[in-house]
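Engineer: Here it is: the structure, laid out below.
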Amino acid sequence: MNDLEKKVKRGLWRQRIGYGSSDFACNLIWQMISLYLLFFYTNVMHLNAGAVSIMFLVTKVIDGISDLVVGFLIDKTNTRWGKSRPWILFGAVPFGITAVLAFSVPDISQTGMLIYAYVSYILLSTAYTVVNIPMASILPALSEDPHERTVLASCRTFFSSIGSTVVSAFALTLVDKFGNGNQALGFRIVMMIFGVIGCLVFFFCFFNTKERVNTYSEKVSLKANISCLLHNTPWKLFALNIVWFFGGYVIQAGAVIYYFTYVVGNESLVQVVATITTLVPIIANLCAPFLVKLTSKRNLMTIGNIVHSLGLLLIFFGGTNVPVLLTAAVIAAAGYGLKISMHFAMQPDPVDYGEWKSGVNTAGTLSAVNGFIGKLGMAIASSLGAALLAFGGFDADLAVQTATAQNYIAAMYIWVPIVMNVASMITMSFYNLDKIYPNIIKELDERRKVSCQK
């Protein structure tokens, strides 16, 4: 390998790490939301589970609208830094600040705290949108090589899993340490630490990525962009799968602390299982670029759904048997790892299909609509999770929940995610973009070369 090849390779890995690190930053906060925000609301702020259910639904719908706005603005952004990178740079600090606000307990009435929860959660969700949408829209601009995109997506998933693992393995321990019996104080201090780290990592991402691929498309309105998406069949299938993917993840993640505390009756397993759930996908993610060469992205997504479901079933039938539960958690996590790797690897493909078919590159708008759909799925799942707690008669003041409450918690952690996996497999059976994608990339490359020569 000569000096030029070494330099190119270093540049590739610098960008891979820079891009991937962005999801480490996101997941320091996102995993806290997924694992502990519902618990924080019901057990720390002592908000009614039914009220929280409505709040999740309302705030996520509002948040979804911000996704559309940010995505449209990204498509209209043109700076010396590119379209997506400026949003990552300027969104970092607000994201860290709002994360702390969302996990703070003001000294006000219960009604006031519910209003505070609404406002702080909307602010955090909007700040998350500002840094997360450009992470998706920037991928097609980092490289036009399909394999390199898969590697970049795998790097993102790898760092995402690292961030999630840090939260799963250490968050509750840190909450206990810093709070010294005061969970409200502990959560706030932990979020301050994660917020600062997240900001610094986003800056690292900004300075170590570059938008290299120039896309040539006609300037169109938001309405025209949406019209192009509606004629993009692969994207419509991918978008529907977003609902199943994020919906299943959110309701399961939010239920882990309830399931192992109140159903299994072993609170010490919460951090262990949460850590397995985030650590094992790292291994699956590292294998994904090699496995995808043996089959297709769609098939790996389906395999992931099957493995994940089998692991969840084994957890259910494992009862309180710790070795069985831990083995099952590893199996479920491996399946989830394949799913999330393929989700991010597939994400830019419908962008290329749309540009190939219509001549319009809608990376920002597509990422925004994907974000909106994902948040719609998460809103339904989060609201359903809180509603199941309410319907089951969950009482945060009881150390042992009723049999009905335990059954509803099991539905949150086991049965709803399995239903989502089955829906995903049905949806993916109609997805055929993998077969024609190499030819699409070849034609787009030829068009771009012609455009550059004009």
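Backbone N, Cα and C define each Cβ position, glycine as well.
Feature table excerpt (TrEMBL):
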- 24-42: transmembrane segment (TRANSMEM)
- 54-74: transmembrane segment (TRANSMEM)
- 86-103: transmembrane segment (TRANSMEM)
- 115-139: transmembrane segment (TRANSMEM)
- 151-175: transmembrane segment (TRANSMEM)
- 187-207: transmembrane segment (TRANSMEM)
- 237-260: transmembrane segment (TRANSMEM)
- 272-292: transmembrane segment (TRANSMEM)
- 322-338: transmembrane segment (TRANSMEM)
- 376-394: transmembrane segment (TRANSMEM)
- 414-433: transmembrane segment (TRANSMEM)
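For the listed features, I'd like the structural context: burial, neighbours, distances.
Structural biologist: For the transmembrane segment (24-42), same-chain residues at least 6 beyond its ends with a Cβ under 8 Å from one of its own Cβ atoms are 49, 52, 92, 95-96, 99, 102-103, 117, 121, 124, 128, 131-132, 135, 159-164, 166-168, 171-172, 187, 190-191, 194-195, 197-199, 201-202, 205, 249-250, 253-254, 256-258, 274, 278, 382, 385-386, 389, 394, 396.
Non-local neighbours of the transmembrane segment (115-139) in the same chain are 19, 22-23, 25-26, 29-30, 33, 37, 41, 45, 47, 52, 55, 58-60, 62-63, 66-67, 70-71, 74, 82-85, 87-88, 90-92, 94-95, 97-99, 101-102, 104, 106, 108, 149, 152-153, 156, 202, 209, 211, 347-348, 363-364, 366-368, 370-371, 375; each lies 6+ residues outside the stretch with a CB under 8 Å from one of its CB atoms.
Note on the transmembrane segment (151-175): residues 15-17, 19-28, 30-32, 35-36, 135, 139, 142-143, 183, 186-187, 189-190, 193-194, 270-271, 274-275, 277-279, 281-282, 285-286, 288-289, 337, 340-341, 344-345, 347-348 of its chain, located 6 or more positions outside it, place their CB under 8 angstroms from a CB of the stretch.
Same-chain residues lying 6 or more positions outside the transmembrane segment (237-260) and placing a CB less than 8 Å from one of its CB atoms are 31, 34-39, 266-267, 269-270, 273-274, 277, 301, 312, 336, 339-340, 343, 346-347, 349-350, 369-370, 373-378, 380-382, 384-385, 389, 394, 409-410, 412-414, 416-417, 419-421, 423-424, 427-428, 430-431.
Here the transmembrane segment (272-292) has long-range neighbours at 31, 35, 147, 150-151, 154, 157-158, 161-162, 164-165, 167-169, 253, 256-257, 260, 300, 304, 325-326, 329-330, 332-334, 336-338, 340-342, 345, meaning same-chain residues at least 6 beyond its ends whose C-beta is under 8 angstroms from one of its own.
Among residues of the same chain six or more beyond the transmembrane segment (322-338), those with a C-beta under 8 A of the stretch's C-beta atoms are 157, 161, 249, 264, 266, 269, 272-273, 276-285, 288, 291, 300-301, 303-312, 314-315.
When Cβ-Cβ distances below 8 Å are used as the criterion, the transmembrane segment (414-433) is approached by residues 234, 237-238, 240-241, 244-245, 247-249, 251-252, 259, 298, 301-302, 305-306, 308-309, 312-313, 315-316, 339, 349-350, 353, 381, 384 of the same chain, each at least six residues removed from its ends.
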Engineer: Within the same chain, where does the transmembrane segment (54-74) have neighbours whose Cβ lies under 8 angstroms from its own Cβ atoms, ignoring anything closer than 6 residues to its ends? I mean 6 or more beyond.
Structural biologist: 83-84, 87, 114, 117-118, 121-122, 125-126, 129-130, 133-134, 137, 222, 225, 363-369, 371-373, 375-376, 378-380, 382-383, 386
Engineer: So which residues does the transmembrane segment (86-103) touch in its own chain, when a touch means Cβ under 8 Å and the partner is 6 or more beyond its ends?
Structural biologist: 22, 25, 29, 32-33, 37, 40, 70, 74, 77, 79, 120-121, 123-124, 126-128, 130-131, 133-135, 138, 187-188, 190-192, 194-196, 198-199, 202-203, 205-206
Engineer: Which sequence-distant residues neighbour the transmembrane segment (187-207)? Criterion: at least 6 residues beyond either end, Cβ under 8 Å.
Structural biologist: 18-19, 21-22, 24-26, 28-29, 32, 36, 40, 44, 81, 85, 88-89, 91-93, 95-97, 99-100, 102-105, 131, 167, 171, 174-175, 178-179
